[in-house]
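Straight from TrEMBL, the features:
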type	residues	note
DOMAIN	7-110	domain 'TF-B3'
Amino acid sequence: MAAHSKLVFSKFLSESDIKKRLAVPSVIQRSLPPFNGGPALIFQFLHGTRFWPIHYSIRTKGYNKPVFSGRLWRNFVIYNNLNVGDRFTLYQVQVEDGSSYYRVEVGREIDFLGINAMAYGSGSTADEHVITHHHQEELSLELSLGQPNVEGADN
């Protein structure tokens with residue numbers, strides 16, 4: 001079944017995003033699950049091969065900005081070794097059968113052979129990374145790097 005991904009939002013992570021909560025742009029709130037009268041809910045997004053439950057809420061004091069926060073957000077940050085300056089990108093994936101889910105990519109900006117590019121980890125324990133460089137709107141270069149296949153090789 002074919003699926004279609006729609007960008008929800010993307011941002012470079014700040015120290016506050018890493019240590020406390022990820023501030024979510026208010027303008028994309030319609031693209032996320034509705035609160036249905038309460039100030040918080042748990043929803044899941046896919047990163048690599050794993051679905052992560054995330055606490056999504058609106059602050060009840062001060063500025064009513066939506067955030068991903070709490071123990072569930074910190075678990076995601078720690079497990080995936082996120083750092084200040086990493087790019088967090090959330091997509092909504094629409095499946096042919098009408099269902100949808102959320103998918104996350106986290107990448108680091110790198111200099112690859114003199115080209116400014118983003119390196120995305122797979123979100124799994126495998127040492128595989130994808131390097132993407134968007135040269136023009138309709139053109140991108142994607143390079144997958146992983147452990148060499150050395151089965152049967154003489155060491």
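A Cβ is built for glycine as well, from the same backbone N, Cα and C atoms used for every other residue.
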With DSSP, how much of the domain 'TF-B3' (7-110) is helix, how much strand and how much coil, in residues? 21 helix, 50 strand, 33 coil
Return the average pLDDT for the domain 'TF-B3' (7-110) as a whole number. 91
